[in-house]
Amino acid sequence: MNLILFGAPGAGKGTQSELLIKRQGMTQISTGDLFRAAIKGQTDLGKKAQEFMDKGQLVPDSIVIGMVEEVLQKGVQNFILDGFPRTVAQAQALDELLVKMNLSIGKAIFLEVPMRILMDRLTGRRVCKNCGAVYHIVSKPSKVEGKCDLCGGEVIQRNDDKAEVIETRLKTYEEFTSPLKEFYKKSGKYTEVDGNRDTEEVYKEIEKIIK
């Protein structure tokens, strides 16, 4: 089954995607990872995406759709779309792309988390500059402060995880992404999961939904 996993920044999409990859053999298509790889490689799309991400703004559809299409053209199956689509316009463009490629989405799962919890999660998040491993200063700190447990790389706070940018990101999310709920409710593929719980509890509920 192909899934869309969506919710506000910090809702736990990446964490749940990792579990689905390890336990269900699924493939994650994370637009955030695609952006960061493009930025690190200093590609044309990466440079354009960085300008928007650093301000906490949504990356334009033309850039996002292009990156997703490139991945799907490699023949990926049983995938999770993490962080995409973020708007109804993107969802419509995705539907057109999937029809063209003879693919479909089985479920669109929304992770619901209160705004104050999202702020706490995001401002405390730290990421390895080298391998992308994710930590949290309270719930999942690295063993040595500022150093990645996995590769020894520098652990930093991303620009888009700073308080002033987060506030913009969450407001942008509410404005553009919330209508996605209605879009997928109409398609009959929408399911909501309480993301403000233990990681395992959230995973078990998602597992039931996809079986």
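Each residue, glycine too, has its Cβ placed from N, Cα and C.
If you look up Swiss-Prot, you'll see Gly10, Ala11, Gly12, Lys13, Gly14, Thr15, Arg125, Val134, Tyr135, Arg197 marked as ATP binding site. The region 'NMP' annotation in Swiss-Prot covers 30-59 and rests on sequence analysis. What Swiss-Prot lists as AMP binding site is Thr31, Arg36, Gln57, Leu58, Val59, Gly83, Phe84, Pro85, Arg86, Gln90, Arg158, Arg169, and the listing cites sequence analysis. Residues or ranges marked as region 'LID' by Swiss-Prot: 124-161. Sequence annotations record features per position, and here Swiss-Prot assigns Zn(2+) binding site to Cys128, Cys131, Cys148, Cys151.
Shown on the structure are the features that Swiss-Prot records.
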{"residue": "Gly12", "record": "ATP binding site", "contacts (Cβ under 8 Å, 6+ apart)": "Leu111, Val113, Gly195, Thr199, Val202"}
{"residue": "Thr31", "record": "AMP binding site", "contacts (Cβ under 8 Å, 6+ apart)": "Val59, Val64, Met67, Val68, Leu81, Asp82, Gly83, Phe84"}
{"residue": "Gln57", "record": "AMP binding site", "contacts (Cβ under 8 Å, 6+ apart)": "Thr168, Thr172"}
{"residue": "Arg125", "record": "ATP binding site", "contacts (Cβ under 8 Å, 6+ apart)": "Gly10, Val134, Tyr135, His136, Gln157, Arg158, Asp161"}
{"residue": "Cys128", "record": "Zn(2+) binding site", "contacts (Cβ under 8 Å, 6+ apart)": "Val134, Tyr135, Cys148, Leu150, Cys151, Gly153, Glu154, Val155, Ile156"}
Positions on the same chain near the region 'NMP' (30-59), where near means CB under 8 A and six or more residues out: 14, 17, 66-68, 71, 81-84, 86-87, 132, 159-160, 165-169, 172, 176
Task: Looking only at C-alpha atoms, tell me how far Cys131 (Zn(2+) binding site) is from Gly14 (ATP binding site), rounded to the nearest Å.
output: 15
- line: Reading the DSSP string in three states, the entry for Cys148 (Zn(2+) binding site) is coil
- prompt: If one looks at the chain holding Arg86 (AMP binding site), which residues at least 6 apart in sequence have a CB under 8 angstroms from its CB?
  reply: Phe6, Leu58, Val64, Tyr173, Phe176, Thr177, Leu180
- line: Comparing local Cβ density (other Cβ atoms within 10 Å) for the binding-site residues Phe84, Tyr135 points to Phe84
- request: For the region 'NMP' (30-59), would you mind checking the mean pLDDT of the predicted model?
  value: 83
Neighbourhood of Gly14 (ATP binding site), C-beta criterion under 8 angstroms, separation at least six: Ser30, Gly32, Asp82, Val134
- request: By DSSP assignment, list the helix, strand and coil residue numbers for the region 'LID' (124-161), in that order.
  value: 3 helix, 13 strand, 22 coil
Query: Fewest neighbouring Cβ atoms within 10 Å: which of the binding-site residues Cys131, Cys148?
result: Cys131
Message: Among all protein chains shown, how many Cβ atoms are found within 10 Å of the Cβ of Gly10 (ATP binding site), not counting that one?
response: 25
Message: Would you identify which of the binding-site residues Val59, Cys151 has the most other C-beta atoms lying within 10 angstroms of its C-beta?
response: Val59
Where Thr31 (AMP binding site) falls in three-state DSSP terms: helix
- prompt: Can you check what DSSP calls Gln57 (AMP binding site), collapsed to helix, strand or coil?
  reply: coil
